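Here is the structure we will look at, set down as structure tokens.
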Amino acid sequence: MYIVVTGAAGFIGSNIVKALNERGITNIIAVDNLTKADKFKNLIDCDIVDYLDKNDFIERIQAGHFDGEIDAILHEGACSDTMETDGRYMMENNYRYSMILLDWCLDQDVQFLYASSAATYGSSGTFKEERQYEGPLNVYGYSKFLFDQIVRQRLAQNPSSQIVGFRYFNVYGPRETHKGRMASVAFHNFNQFRADGKVKLFEGSHGYPDGDQQRDFVFVGDVAKVNLFFLDHPEKSGIFNLGSGRAQSFNDVAVAAVNGCRKARSESALSLEELRAQGLLEYVAFPEALKGKYQAFTQADLGKLRAAGYDAPMATVEEGVSQYIEWLQRNV
């Protein structure tokens, strides 16, 4: 029997594969699209039994090749570019593909865990897994939002089947180097500081001072742990926020990233005020392209996740970014 991870060469998917390996689990079929071939690097230190292109995998399950052979699908594959404007592509890639997998898993009684997104909330100031707080600002968010609505219907119709959706907030950490502009601000800050000796953040917007817009930043190691918790508990279903449960500023991320780099040089840590005074942090104009499409504040309500029994602490920005910078120093 196999465990399938889609998006396995991507950011979160490869961290899940590695977390499974650390448990001694290697009967993993990795599914992805390696058109952007550099992602293969995320799987070099992982153990899997097979790799399939995303389209080949769908064709094979529809042809019955995997009937009775899969225990669980962890569906992380998607286009996660919030700036993508091709709605037809987004809906086919994110929504329709997910629908095929969902219905196959229900038919086969296979555990189905999938990536949703905090983008489903849009500009809502309340981040609770309820329909009245949802209102995506872009087609990426809509593709995730619509699938979540179908999942709610399927859960009501199939109460004994496991379907779990994770509304990821701002995930950062190892194995995201292929993501380009969609990589985390921590990754961009690391690269900026290494190249230019300073980091850049957006000027104030939405009523927030420079760099003080706040997001729920969640370390990818915590994301992988939550996925495996639900894999261990097939009796638990639902759509769950997956963040740290706390909002922290982009300034906090910049301070942690710079100080992580300074630590590697045996230099002392600096405060935000010291970074500004020494010209190590500067602010750039808020992009026109993001106006009306930007979440200036997010903070996951973890009440439902905690009620489901997941009680491990989530890393703070200071803890997680410090670990991440150490990883980047070794691997990039």
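The backbone N, Cα and C atoms fix where each Cβ goes, glycine too.
Feature list (source: Swiss-Prot):
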ACT_SITE  Tyr140  active site, proton acceptor
ACT_SITE  Lys179  active site, proton acceptor
BINDING   11-12, 32-33, Lys39, Lys54, 76-80, Asn93, Lys144, Val171, Lys179  NADP(+) binding site
BINDING   Asn170, Arg181, His188, Phe202, Glu203, Gly204, Ser205, Arg215, Tyr294  substrate binding site
Inset, instruction - Sort the recorded positions Asn170, Lys179, Glu203, Ser205, Tyr294 by C-alpha distance from Phe11 (NADP(+) binding site) and give me just the closest. - result: Lys179
Legend entry - For Glu203 (substrate binding site), the one of Glu76, Ala78, Ser80 that lies nearest, given that the binding-site residues are compared by Cα: Ser80
Inset, instruction - Fill in the CA-CA distance, Lys144 (NADP(+) binding site) to Lys179 (active site, proton acceptor), as an integer in Å. - result: 19
Inset, instruction - Could you check the binding-site residues Ser80, Asn170, Ser205 and say which one's CB has the fewest neighbouring CB atoms inside 10 Å? - result: Ser205
Legend entry - Residue among recorded positions Tyr140, Asn170, His188, Ser205, Tyr294 with Cα closest to the Cα of Ser80 (NADP(+) binding site): Tyr140
Legend entry - Residue from Tyr140, Asn170, Lys179, His188 whose C-alpha is spatially nearest that of Asp32 (NADP(+) binding site), among the recorded positions: Lys179
Legend entry - Extent of the substrate binding site in Å [max Cα distance among Asn170, Arg181, His188, Phe202, Glu203, Gly204, Ser205, Arg215, Tyr294]: 20
